[in-house]
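*Asks:* Below you'll find the structure I mean.
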Amino acid sequence: MFQTLYSCFWWERLWLPENLTWADLEDRDGRVYAKASDLYVTLPLAFLFLIVRHLFETYVATPLAGLLNVKEKIRLKATPNAVLEKFYAATTKHPKQADVEMLSKKSGCTVRQVERWFRRRRNQDRPSLLKKFREASWRFTFYLLAFIAGMAVIVDKPWFYDLREVWKGYPIQSMLPSQYWYYMIELSFYWSLLFSIASDVKRKDFKEQIIHHVATIILISFSWFANYIRAGTLIMALHDSSDYLLESAKMFNYAGWRNTCNNIFIVFAAVFIVTRLVILPFWIMHCTVVYPLELYPAFFGYYFFNFMMVVLQSLHIFWAYLIIRMAQKFITGKARGGPGNGSGLPALWVVEDERSDREETDNSEEEEEAAAKNGPLSNGHPVLNNNHRKTD
């Protein structure tokens, strides 16, 4: 049965155009072709990335955070309470009003004390500013290096300037060593992101992030199997062109460098919209949808590859919507915290991150000062500004 499934999975008509077989892609006469077995190396490389990431965050990102004066906010801890803790862990972190009243009776606390306890308990589970900075530093470093490497791989190739060259001689296109390593490193990195996503900072688009990582892994792997390497390198470099800008904006945002953050974010937004909403659909996807049909009839691999491209493009539209919402809040005067930098550009530091899991506050300045001096306050302290939430 296993052999039957294996044969069906690797049936040439799924992966290759008509009249071509895997034998046509065997290495010969000094020409080397992509093989599925090449991708086995990406799994151990992914775990190596996790080790390198840990070392980077410990010995590079953490000292860098200190140099940039990234400081942690004082968080008021929830007073230990077995009844509330059990409900928090087993039922929900966001109790409804009826649940709050029920818990008030069981725990012997007032309704206001229960509400405050859940706010503080949720804040305890939220990632620290240092954790966010370290993650952003790691992704910034990889995306920047990957973009530079990607450009070095494709900038001198004819298909970088003429997209019809992407399909010239397809699929009998020899693989270059630079293309091999570019693919292995990119795929390994996305595997590492998928492995670590449960422990990374979670945002509102957590599910979309999982879909993005899975779609990217499938797309990179499939393009390798089907020898769509030229198109694949273009797509990967295009994605890396804006990602490092976003991560650097986050780093400066966490460090409090407001003007620098604002300016980088504007550049990121422009590059993101141009590359993901213009170049990708109207140049790259046109190249993968239209040009192949001039050379061979459509086959399963053609439809599957372009379907995954549509999935990625849908995610790009979703994230572009979040970016536009941030800009709209500033334009309509709903941004909080102060004016912009005088240039008319959105002040990113005062606009709520649409993807953030924001920290809740229930304390006044006096309460924070008391917490700094005396430690966590008891549940009996008055609640102020219950509905106010600071930006992430």
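From the backbone N, Cα and C atoms, a Cβ is placed for every residue, glycine too.
As the structure is a computational prediction, the values presented were derived from the model and not from experiment.
Feature table excerpt (TrEMBL):
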| type | residues | note |
| --- | --- | --- |
| DNA_BIND | 69-129 | DNA-binding region |
| DOMAIN | 67-128 | domain 'Homeobox' |
| DOMAIN | 131-332 | domain 'TLC' |
| REGION | 353-392 | region 'Disordered' |
| TRANSMEM | 45-68 | transmembrane segment |
| TRANSMEM | 140-160 | transmembrane segment |
| TRANSMEM | 210-229 | transmembrane segment |
| TRANSMEM | 264-284 | transmembrane segment |
| TRANSMEM | 304-324 | transmembrane segment |
*Asks:* Which residues, given as numbers and ranges, are at least 6 beyond the ends of the transmembrane segment (304-324) yet have a Cβ under 8 Å from it?
*Replies:* 205, 208, 211-212, 215-216, 218-219, 222-223, 226, 228, 235, 269, 272-273, 276-277, 280-281, 284-285, 288-289, 354-355
*Asks:* If we skip the immediate neighbours and take only residues 6+ beyond the ends of the transmembrane segment (45-68), which ones have a Cβ under 8 Å from one of its Cβ atoms?
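*Replies:* Distal contacts: 130, 133-135, 137-138, 141, 184-185, 188-189, 191-192, 195-196, 251, 254-255, 257.
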*Asks:* DSSP says what for the DNA-binding region (69-129): how many helix, strand, coil residues?
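*Replies:* Residue counts in helix, strand and coil order: 36 helix, 0 strand, 25 coil.
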*Asks:* Could you pull the average pLDDT for the domain 'Homeobox' (67-128)?
*Replies:* 84
